[in-house]
Amino acid sequence: MSETRPDCDEVVLLGRSNVGKSTLMRELTGHTGFTTGRKPGVTRSPNHYDWASESFMFTDLPGFGFMSGVESSQREQIKTDIVRYIESNAESILAAVLVVDGKSAVEIIDRHSGPDEIPHDIELFSFLWELDLPTVVAVNKIDKVENKDNQLDDLCDRLGLYPPWQQWQDTIAPISAKRGSIEPLEEALQAIFSDQRRDDLLKFVT
């Protein structure tokens, strides 16, 4: 998955198919060439957008979970490839952005929770924290959510973060990529870059 990866620091975007990662990528980079669509799983390989002179890039990783017309074994392989990509490049990953659909994330997590099953979102969130990677959960499509505070509190609870969500604004970023409203995510990334003494990268998230 990383054969054509530019050799530079990066912020990775990951999440289920059809949560708006590619739309968010367009908002973050100002580049319109990323593939988006209604059909889940449009992105099947990493999309890199790099600034060669700055040695920095955003990477949109393939969507995981359900994809129309894709066998279960292939879906699992995609998730495995994502994990391997992150493990292989962890030293260059400045931050990970786990994108979820604000309207359906809690319901999907609950549906796939059980004695023998860990929801992919929870599994990957825990994986990122175990790697000690700065992680932001971008709760996308928040404009479609009623009772936003309750939904965000419930999401925090599922992620193992004690509500209320407002105390986790460095980790929980409610956004609407389609409407261009991504300031909470930009502010969270600004804080991460500042902590890493990478003020040279602040211009990419303002």
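From the backbone N, Cα and C atoms, a Cβ is placed for every residue, glycine too.
Neighbour count (other Cβ atoms within 10 Å of the Cβ, all protein chains): 27 for Ile175 (GTP binding site). According to its DSSP assignment, Ile175 (GTP binding site) is coil. According to Swiss-Prot, the feature GTP binding site maps to 15-22, 41-45, 60-63, 140-143, 175-177.
Taken from Swiss-Prot, the feature Mg(2+) binding site covers Ser22, Thr43, and the record attributes it to sequence analysis. DSSP gives Ser22 (Mg(2+) binding site) a helix state.
Per Swiss-Prot, the feature domain 'EngB-type G' maps to 7-195.
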Sequence gap of 6 or more, Cβ distance under 8 Å: name the residues on the same chain that satisfy this around Gly15 (GTP binding site), in order along the sequence. Lys21, Gly63, Phe64, Leu98, Val99, Val100, Asp121, Ala138
Which residue among the binding-site residues Asn18, Ser45 has the fewest other Cβ atoms within 10 Å of its Cβ, if you could check? Ser45
Find, among the binding-site residues listed as Lys21, Lys141, the one whose Cβ has the highest number of other Cβ atoms within 10 Å in the structure shown. Lys21
